[in-house]
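Undergrad: Quick paste from TrEMBL:
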DOMAIN    85-211  domain 'Palmitoyltransferase DHHC'
TRANSMEM  128-151  transmembrane segment
TRANSMEM  171-192  transmembrane segment
Amino acid sequence: MGFSCALPRVWQSPGSRGASCRGAIAAARSRGPGRGLQGEAAAGATLGAWDWGTASDFTGAVPKGNATKEFIESLQLKPGQVVYKCPKCCSIKPDRAHHCSVCKRCIRKMDHHCPWVNNCVGENNQKYFVLFTMYIALISLHALIMVGFHFLHCFEEDWTKCSSFSPPTTVILLILLCFEGLLFLIFTSVMFGTQVHSICTDETGIEQLKKEERRWAKKTKWMNMKAVFGHPFSLGWASPFATPDQGKADPSQYVV
């Protein structure tokens, strides 16, 4: 992972799949060390969550080509039980799995394919996607607050002293940063809200879109949250480095 910093500050982190996340902060150097540390901490947390979400291959993908006679026999089906085979990836589809035309494989509890992280959001990486949207929203809010403080600082002092850029350049960069921060704050906040709602209702985005009939047991919102973020509740819920339980792994997941 490589980072390049300059004034205006530019952070770039190339992901494992060729994606990149860039943001520019045009504010001049902070007058105190606290502001700089807060900005670096927020950026580090965001990039950490983003890297986890991007590099994660354990989305809940079903093994390709497992629809073999030997595997079906190992399931020890009872009379009346059936399994479904995906004709596109030759996999046995577990309950609530959907085929992704981009990843070209079936994903358990697939919510959607996200081009931002170049990956599917599924059963095992939904937590990281939620953290990704949350941290991007927080750092966008942080940038907007810092822009406001910088404007106030420039109004109180001489514009030529509050920035290493000329006053017109400083104003233009701050306006651009404000627009970008507001845009990402709104977008990621909406995505965060829809993901939390999806988790609480235990219904993925595809299931809502297709209006699929509910065939699974209804659980409380708190149980649904623990199923995604891990059990029990802890600070690990907010950490992109704490891995939650990886969902069901028993053969019965393939049986309907």
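Cβ coordinates come from backbone N, Cα and C, glycine included.
Keep in mind that TrEMBL annotations are predicted by a computer and have not been checked by a curator.
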Undergrad: In the predicted model, what is the mean pLDDT computed over the domain 'Palmitoyltransferase DHHC' (85-211)?
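TA: It averages 87.
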Undergrad: Looking only at the domain 'Palmitoyltransferase DHHC' (85-211), how are its residues distributed among DSSP helix, strand and coil?
TA: 72 helix, 19 strand, 36 coil
